[in-house]
Amino acid sequence: MGQSVVVLGAQWGDEGKGKIVDLLTEEIGAVVRFQGGHNAGHTLVINGKKTVLHLIPSGILRDDALCLIGNGVVISPAALIKEISELEDAGVEVRSRLKISPAAPLIMPYHIALDQAREKAAGGKAIGTTGRGIGPAYEDKVARRGIRIADLHYPPQLEELLRTALDYHNFVLTKYLGVEAVDFQKTYDEALAFGEYVQPMKSDVAGILHDLRKQGKRVLFEGAQGALLDIDHGTYPYVTSSNTTVGGALAGTGVGADAIDYVLGIAKAYATRVGGGPFPTELDDEVGQGIRDRGAEYGASTGRPRRCGWMDIVALKRAVAINGISGLCITKLDVLDGMEKLKICIAYEYHGKRTEYAPLDAQGWEECTPVYLEFPGWSENTHGITVWDDLPPAARAYLRALEELAGCPISIVSTGPDRDHTMVLQDPFA
């Protein structure tokens, strides 16, 4: 049987998953996206050249890798076409290697209109979505009024589905949110055109994955966002609209639990978060700004500045537990270079008591005060180091502390944005 590895974020997203996925795909049969949409922004830097992917799996830059988009992903036709075009203009062959589940839901124009109008109406209480229609598309999926890739090839059925959806959503848009209605004919024509475009890429993703496993091929499941943004297990309601945890890899592709051999959790050497929601270790001072500047902590999809803070072991241990993480990858270690002191949150003060467990609701998280352990920093440059013993002693001690406190071994350490700026201590596929 082949080996299957799930790569997912162990924090609030933006952990550097794209680079690690690309690193692990040197001898891969397939890379599959299983949740989220084009709100993800996976940045790859190879030989100094930067590529940002939003929908297409990060394995696309490997010539022999098959790239799959599972049923758990919501697809923006415009975003997919744009991304394919940009890659092909750069000389990357995409369409012959990209396979998309016919069960994948579409992000329609009314989803985008709803998302943006709701965020505007919410004002200061906004969740902080990317405004790209992700949440409303998932809502329609659950409400069984979503339009999927498969529906595009049956025009009468598509027309009926679209009229039903627009009757519902245009009422909300015009009567409740006070914005313009979405035009039926324009939306219908665009959907039909996309159906023709995507037809050659439509495939039974679950069937492909089962066949690859029988053939002994390696498969990598590429998560988007992070475990603490999971719709069920995250800081609800400040979460994304899909299951970003390991269960999403199963439901979002059509494989069983026995198909997963290793779960790799990606975490920065510190912590970041975009948008609203609790963040106990946030540094709203010059230290946080320094981390933001050195780490270039601005969203790949939105350009929004990320909130920065110290590593939160309480949150990380929760991610390890709910995902059954086999090993951790710590990224952006080099961002901490030159800092005199470092802190790791090892517990919370919550209602006058110390706890090592995260609350199950956002309000509870907001009421937590971090309890820190302090560690000496290092003045040496770790950028690009690929050998463990070449790291400064203080950096090694910091990583060993993370490993011990999280109760999970560190498999990979990243010391820069390039594919080669990485040390693999334990190969997830070995």
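Each residue, glycine too, has its Cβ placed from N, Cα and C.
Together with D14, E15, G16, K17, N39, A40, G41, H42, T130, R144, Q225, R304, the IMP site in Swiss-Prot holds one more listed residue from T164, T235, T240, T245, which is T240.
Relative to G41 (Mg(2+) binding site), the binding-site residues with Cα atoms inside 10 Å are Q225, T302, the candidates having been Q225, T302, T415. The Cβ of G16 (GTP binding site) has 19 other Cβ atoms within 10 Å, all protein chains considered.
DSSP assigns T415 (GTP binding site) to coil, not to a helix or a strand. Per Cα geometry, G13 is the residue among the recorded positions G13, K19, H42, T130, Q225 nearest to R306 (substrate binding site). Of all the binding-site residues listed (G13, G303, P305), G303 has the fewest other CB atoms within 10 A of its CB. Among the recorded positions listed (D14, G16, K19, T130, Q225), T130 has its Cα nearest to the Cα of T302 (substrate binding site). Using a 10 Å Cα-Cα cut-off around G13 (GTP binding site), the binding-site residues N39, Q225, R304, P305 reduce to Q225.
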